[in-house]
Amino acid sequence: MNRQLMASMLSDRQIEDLINKALEARETSYCPYSQFRVGSALRTVDGKIFQGCNIENAAYGGAICAERTAFVKAISDGYRRFVAIAVACDYNHFITPCGICRQFMNEFGKNLEIFFVNDDRSYRRAVLEDLLPYAFGPENGPLK
């Protein structure tokens, strides 16, 4: 089923708040090598929002994406249930989470709503399961 066509679980005001927080988080990006700033805002089931930005490293493999930064902050504070994430960059072409981020987010729920936000504040919406079909997750492991 293509969940992109279904309405968001968030209100217009909640979506706008998430977009604002993602654009704000983009401002703290550390990207001296790519100059590609990305910010994210992750909403928990109880409405708390965690922001993240991309953080690059001279050893490229040590970089971390904005999406995972937000998740790591939330998880380290004890949160495990999330409803949506907004991802924003400086350009007006919709960026989507990389494969590693998709797999990382899948650990915490296939129905996560993802908003891809352009610099002009326009956005598109998808559901994680549509971006990562047939994903390997907790339900596939020994503790299912």
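Yeah, the Cβs are placed from backbone N, Cα and C, and that goes for glycine too.
Just so it is clear, the model here is predicted, and its values are computed rather than measured.
Per TrEMBL, active site, proton donor is recorded for Glu67. The substrate binding site feature in TrEMBL is assigned to Asn54, Ile55, Glu56, Asn57, Ala58, Ala59, Tyr60. Marked as Zn(2+) binding site by TrEMBL: Cys65, Cys98, Cys101. Look at TrEMBL and you will find 13-139 tagged as domain 'CMP/dCMP-type deaminase'.
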Residues satisfying Cβ distance under 8 Å from Ile55 (substrate binding site), sequence separation of at least 6: Ser29, Tyr30, Cys31, Ala63, Ile64, Thr69
Model confidence over the domain 'CMP/dCMP-type deaminase' (13-139), averaged pLDDT: 96
Nearest of the binding-site residues (Glu56, Asn57, Ala59, Cys101) to the residue listed as 'active site, proton donor' - Cα to Cα: Cys101
Cβ-centroid neighbourhood (8 Å) of the substrate site, Asn54, Ile55, Glu56, Asn57, Ala58, Ala59, Tyr60 excluded: Tyr30, Tyr33, Gly61, Gly62, Ala63, Ile64
Nearest-integer angstrom distance between the alpha carbons (Cα) of Tyr60 (substrate binding site) and Cys101 (Zn(2+) binding site): 16
Check: same-chain CB within 8 A of Zn(2+) site center, minus Cys65, Cys98, Cys101: Ala66, Glu67, Arg68, Pro97, Gly99, Ile100, Arg102, Phe104
Neighbour-count leader, CB within 10 A, binding-site residues: Asn54, Asn57: Asn54
Position of peak Cβ density within 10 Å, selected from the binding-site residues Cys98, Cys101: Cys101
